[in-house]
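Q: Structure provided below as structure tokens; questions to follow.
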Amino acid sequence: MDQALILDGKKIAQEIKSDLKIRVTALKKLGIRPRLSIILIGSHPPSLIYVANKEKSCKEVGIEVEVIRLREEATHLQVVNIIKGLNENPAVHGIILQLPVPRHLDAAALIDLINPQKDVDGLTPSNLGRLIAGNPLFIPATPAGILELLHRYSINTTGKRTVIIGRGQLVGKPLANLLLLKGEPGDATVIIAHSKTSDLTSICKLAEILIVAIGKPNFITGDMLNEGVVVIDAGINRTPQGIKGDVHYESAVSKSKAITPVPGGVGPMTVAMLLVNTVRSAEMNYSDIK
């Protein structure tokens, strides 16, 4: 078959950032300075890298960014008080609780405290409920990035057998609901597979679009795929051989019509869509106070 189309998330993310710079400049002329606050608890190595990437990207487009760094031993009450303060601060447009949090803290309870209008990760029960109802306020960044990547490369989801491997709250579940919505970028025929799915290869071979988000390096291999599949790899795994996706790229690329590389595929899109949500929040804030 023809050589696979490489879905270049890094390139598309730069295009999105260029557009955001214009929107941020326009907001600043109106006296609105988009601002993102990130709560980072402890020193989980991947989280340090993710937060540094978010800081760098915010500064690129002119979003003010504040990282609130707490010790691993931070108490539930300390984090609650910080979230309440950010909720009440009109200068803050986006709040992120960097996940994972230390085991002694209840991430779900803390996320539930974030003002849904500042929940730029789209993870509060209110925002997830709106997403399922088909009226999302903020779409979680990785699902949003995947859908935007498909859109930018004119990959139609209508009627397509779309297999999602992974049922997590950050990617699998919200993405499945978005792909089921009526109209673009939905109308897909969605199948979700997970750790208890039997005969995963047979499920994978049904896919016209395969989206993998399980956090296991090189788990999906080329022999599990049908010819001409579109492969979206949302995995970012640190291995002795470097950053690897959940899909074994070298064996999958020859079977694929289109495929995302790792790194440089879904990862940059996730950060870009987080910035989009932050700027949208600032724009909505301006509309509210106008």
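From the backbone N, Cα and C atoms, a Cβ is placed for every residue, glycine too.
Marked as NADP(+) binding site by TrEMBL: Gly166, Arg167, Gly168, Ile236. Feature annotation from TrEMBL assigns domain 'Tetrahydrofolate dehydrogenase/cyclohydrolase catalytic' to 7-121. The domain 'Tetrahydrofolate dehydrogenase/cyclohydrolase NAD(P)-binding' feature in TrEMBL is assigned to 140-284.
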Q: Given the model, what does the mean pLDDT over the domain 'Tetrahydrofolate dehydrogenase/cyclohydrolase NAD(P)-binding' (140-284) come out as?
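A: When the pLDDT values over the domain 'Tetrahydrofolate dehydrogenase/cyclohydrolase NAD(P)-binding' (140-284) are averaged, the result is 96.
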Q: Which one of the binding-site residues (Gly168, Ile236) has its C-beta surrounded by the most other C-beta atoms within 10 angstroms?
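A: The most densely surrounded of these binding-site residues is Ile236.
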Q: Among residues Gly166, Arg167, Gly168, Ile236 annotated as binding NADP(+), what is the maximum Cα-Cα distance? Answer in Å.
A: 16
Q: Tell me the residue counts in helix, strand and coil for the domain 'Tetrahydrofolate dehydrogenase/cyclohydrolase catalytic' (7-121), as DSSP assigns them.
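A: Helix, strand and coil residues of the domain 'Tetrahydrofolate dehydrogenase/cyclohydrolase catalytic' (7-121) number 60 helix, 18 strand, 37 coil.
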